[in-house]
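The active site, proton donor annotation in Swiss-Prot covers His125 and is backed by similarity to another entry. The Mn(2+) 2 binding site annotation in Swiss-Prot covers Asp64, Asp92, Asn124, His173, His248 and rests on similarity to another entry. Swiss-Prot lists Asp64, His66, Asp92 with the feature Mn(2+) 1 binding site, giving similarity to another entry as the kind of evidence. Annotated N-acetylserine per Swiss-Prot: Ser2, in sequence order, evidence recorded as similarity to another entry. Annotation comment: Swiss-Prot describes Lys305 as N6-acetyllysine. Annotation source Swiss-Prot lists phosphothreonine at Thr320. Annotated region 'Disordered' per Swiss-Prot: 306-330, in sequence order.
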Amino acid sequence: MSDSEKLNLDSIIGRLLEVQGSRPGKNVQLTENEIRGLCLKSREIFLSQPILLELEAPLKICGDIHGQYYDLLRLFEYGGFPPESNYLFLGDYVDRGKQSLETICLLLAYKIRYPENFFLLRGNHECASINRIYGFYDECKRRYNIKLWKTFTDCFNCLPIAAIVDEKIFCCHGGLSPDLQSMEQIRRIMRPTDVPDQGLLCDLLWSDPDKDVQGWGENDRGVSFTFGAEVVAKFLHKHDLDLICRAHQVVEDGYEFFAKRQLVTLFSAPNYCGEFDNAGAMMSVDETLMCSFQILKPADKNKGKYGQFSGLNPGGRPITPPRNSAKAKK
């Protein structure tokens, strides 16, 4: 019997959730075999599902988490722990924060437990060459061993890349690509795959919108491109979509609109790295595709954990206009 068949998921999830309400930073040490089992079983499920997911509302969409495990628990407290709500995460689960292992293990455990209600996309940090440098490798090496980090790499190489919600909301981690002409191109990407230095897969995980760019521009990250509002409008029109939902950039209010509200950036790690005073946000999409935003305020700046206000209805006017906020690049 393989590790994945022996997984006691309820026990694993129970232990991961036990630290709720504890001082942030308290670790949960699963066994190496349990973690390996989570990686192997979730990898199997990722490969059994499409690389371009076709999802149905209602669901909640979350942006970058970056190892901020206690903030992930706050998101679930606020949005409802699975299976109470359906979730789509847009990538960047690991690196930078202190508890990448707890974060990714809980997400993988929920994926295995609720495979049709819980979805994870790949971010640019779910890539060996990136998380080797920005913290995840060191955390794996310190708490377990390098072999386990390699097992995570094999799992990450099988994550789906994009999702379309009810044929109207296109979701990915980074953004658009000059190479993307048809959705079939995404469907044709074979897994497992590393993230290449350029091309369609790279762009979907790395590109950024830029209000000062017309068409396509150079990206300050040194990878991929930036794209302007007209690129967004043309893409939506061509594919009969209403909205692009992406993550990948710190935004002050946890969410930020672009291109006349045709694109929204979500970032779900409040007080990112302890260096930014940003809120985190989660976007709730109801059955009518009305989108509203649930806000996690920066924890230490506010007595109340949460704030909530509603946002856009794709193709319509928002209830609450977005506040202007400065973007910070990760």
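Cβ coordinates come from backbone N, Cα and C, glycine included.
Residue pair Asp92 (Mn(2+) 2 binding site) / His125 (active site, proton donor) shows a Cα separation of 5 Å. Note: Asn124 (Mn(2+) 2 binding site) has non-local neighbours Gly91, Asp92, Ile130, His173, Gly174, Val195, Leu205, Trp206, Val223, His248, i.e. same-chain residues 6+ apart with C-beta under 8 A of its own C-beta.
Every protein chain considered, the tally of other Cβ atoms within 10 Å of the Cβ of Asp92 (Mn(2+) 2 binding site) stands at 30. If you count neighbouring Cβ atoms within 10 Å for each of the binding-site residues His66, His173, the highest count belongs to His66. DSSP assigns Asp64 (Mn(2+) 2 binding site) to a strand segment in the three-state reduction. Cα of His125 (active site, proton donor) to Cα of His66 (Mn(2+) 1 binding site): a distance of 9 Å.
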